[in-house]
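Peer 1: Input: one structure, supplied below.
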Amino acid sequence: MSLEDSLRSLSLDYLNLLINGQAFSDVVFSVEGRLVHAHRCILAARSLFFRKFFCGPDPPSGLDPSGNRVNPSGSARSGVIPVNSVGYEVFLLMLQFLYSGQVSIVPQKHEPRPNCGDRGCWHTHCTSAVDLALDTLAAARYFGVEQLALLTQKQLASMVEKASIEDVMKVLLASRKQDMHQLWTTCSHLVAKSGLPPEVLAKHLPIDIIAKIEELRIKTSLSRRSLMPHHHHPHHHDHLTAAADLEDQKIRRMRRALDSSDVELVKLMVMGEGLNLDEALALPYAVENCSREVVKALLELGAADVNFPAGPTGKTPLHIAAEMVSPDMVAVLLDHHADPNVRTVDGVTPLDILRTLTSDFLFKGAVPGLTHIEPNKLRLCLELVQSAALVMSREEGNNNNSNNNNNATASSATNMYPHHNMNEDHHHSHNNNNMDSRLVYLNLGANTQMSTSRMDSGDDDNTHREAINNSMYHHHSHGHDY
């Protein structure tokens with residue numbers, strides 16, 4: 001057996017102690033109402049925090065708000081230690097690292113997550129993955145597990161390269177708060193390159209950080225100018241920079257106009273200044289930040305593509321409206337021929353997003369990340385998009401039937417039969433889809449407390465063991481050695 005195999009076997013042996021729950025356990029934690037059985041000697045050996053907590057004369061506060069202390073002799077401690085500083089999932093991830101030296105700070109692929117609406121998401125750089133990494137980083141710092149903190153920083157640095165700009169700004173704030181200079185540098189450059197104007201950044205970042213972002217943009221612009229060739233066309237780079245600045249100014253003016261519902265000014269910019277609404281992401285911005293009337297007026301200009309894919313993920317305005325669970329936005333977009341079947345780069349349709357949110361409500365109840373969603377609005381959005389998809393499917397079927405009829409010869413009477421069967425099958429499929437839709441979205445009106453109570457039931461030890469068995473081995477198999 002090689003050294004690597006020996007270490008892997010040792011790691012699994014220790015991890016099995018955690019998975020087996022009460023086996024040889026001498027300490028119990030309560031996290032979000034669930035019991036977690038662990039072993040003091042392992043925790044004390046792997047973490048200075050736990051070493052002081054269990055054996056030191058002055059254990060740190062916070063892990064046990066009741067103020068109970070462990071006596072120096074290490075005798076069994078009565079009662080359960082409450083943990084209020086971190087969540088259950090993050091606490092288990094941290095314990096997995098302490099026991100095995102390995103961990104994967106990425107949710108299981110395709111696992112439904114409360115703050116990820118994409119069905120089939122691999123959770124490599126979505127909001128759910130970023131939030132889990134940030135929570136794990138905070139826990140690692142709080143409990144003094146520096147190796148886990150370093151691993152999480154590396155994970156975040158790779159995530160932000162593909163994450164949304166909102167998540168990048170979230171990581172930027174955390175990196176400043178926890179003095180993570182390398183992560184700060186990476187995120188600040190990404191925000192600077194995003195082109196978002198200060199008035200938009202102000203919705204997410206404090207003023208002092210915005211000032212540093214603007215300062216970085218100026219330095220980057222000067223550096224870019226100094227690296228440009230000067231031997232021919234000496235003023236060419238000045239013209240390019242001026243053109244880029246002009247486009248930025250146009251986009252800022254356009255967004256200010258949309259914020260103030262001044263669609264006429266946007267129209268003048270399109271006609272007189274050649275503003276490209278698709279490249280300026282006017283419609284996604286309006287859907288996310290403005291009223292239904294502004295979006296409708298913008299669409300009626302006829303200068304914006306309602307199905308234009310924005311950003312690296314390729315989301316259309318209808319994807320955004322579905323994530324927002326806004327029936328008004330969904331309706332006005334569908335009225336202007338938004339495609340309910342259009343897919344993102346990852347193959348997700350607006351209908352997929354709404355079905356995932358519906359599933360979370362039906363089977364999980366009220367969970368963090370979904371509290372802002374009203375079931376009635378979700379039901380209405382699902383009905384609108386489902387109906388639009390069925391109408392489009394029916395129209396495509398009719399077009400196919402018409403083409404088949406035109407290509408058929410007059411003497412081929414048998415062609416009527418497959419035509420009849422196609423309509424019959426389509427009608428049958430249409431009825432099934434309608435039934436599926438009704439079964440799904442009508443249940444949204446049910447009492448979500450049933451799901452919540454279902455989650456809270458069951459034995460704590462079995463819940464702990466099942467949670468580790470379902471997730472720990474996944475994390476272990478894709479982990480990193482430390």
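Cβ atoms are placed via backbone N, Cα and C, with glycine included.
Remember, predicted model here, so these are calculated numbers, not experimental data.
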Peer 1: Quick one: sort out which of 53-67, 68-82, 113-127, 248-262 is the zinc finger according to Swiss-Prot.
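Peer 2: Checking Swiss-Prot against the ranges 53-67, 68-82, 113-127, 248-262, the zinc finger one is 113-127.
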Peer 1: Do any residues, 6 or more residues outside the repeat 'ANK 1' (249-278), come within under 8 Å Cβ-to-Cβ of it, and if so which ones?
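Peer 2: Sequence-distant neighbours of the repeat 'ANK 1' (249-278): 195, 197, 199-200, 285-286, 289-291, 293-294, 297-298, 301, 303-305, 308.
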Peer 1: I'd like the per-state residue tally for the repeat 'ANK 1' (249-278) from DSSP, helix first, then strand, then coil.
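Peer 2: Reading the DSSP string over the repeat 'ANK 1' (249-278) gives 22 helix, 0 strand, 8 coil.
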